């Protein structure tokens, strides 16, 4: 990761605190050339970061329903806010000091760097003007994403951050990158972009 004096956990907290301070004045009229492949590259890094646990895992009878209505936004600005929130939570989760020992730290840091850079790009899409009341997306959307990731955090904590628990959470992270791709593709359809997106078929 880029060298700095802040721990990944502290930086992730700062990122999560930053979002409410953003205005909802959306200024990104065009997605960048590399945006089309962001989710695909992230899935590749996630797969390389998290190999299967050393021991077989029992079947996990637990689900984390994602608020699918957030993927059907008709507003480009709101789609960007949702994407930003998902990525901030993913950064926070994957920078945990409790990730399994068999995960590949160097690749995980590459993944965190990629997420961090894209978060920074999305933050630049918001212009700092307007009152505090204009600086938040819909409260229900904010709460539903928080609830989703809080349930994942509670699951990890309840199971003492075991390797098998993290493997189940890895699948949730994989789904989140696919949700991010859905949002990016929707935003791409509202703006010219020459890069063609690769299919997200990583298992």
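Any Cβ shown, glycine's included, is placed from N, Cα and C.
Since we're looking at a predicted model, the values are computed, not measured.
Lifted from Swiss-Prot, the feature list:
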type	residues	note
SIGNAL	1-27	signal peptide
DISULFID	28-125	disulfide bond
CARBOHYD	37	N-linked glycosylation site
DISULFID	57-164	disulfide bond
CARBOHYD	160	N-linked glycosylation site
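With respect to residue 125 (disulfide bond), the closest of these recorded positions in Cα terms is 37, chosen from 37, 57, 160, 164. On the backbone, the CA of residue 160 (N-linked glycosylation site) and the CA of residue 37 (N-linked glycosylation site) stand 34 Å apart. The Cβ neighbour count for residue 125 (disulfide bond), using a 10 Å radius and every protein chain shown, is 20.
Taking the glycosylation sites 37, 160 in turn, the residue surrounded by the fewest other Cβ atoms inside 10 Å of its Cβ turns out to be 160. Sequence-distant contacts (6 or more apart, same chain, Cβ under 8 Å) of residue 164 (disulfide bond) comprise 53, 55, 57, 58, 60.
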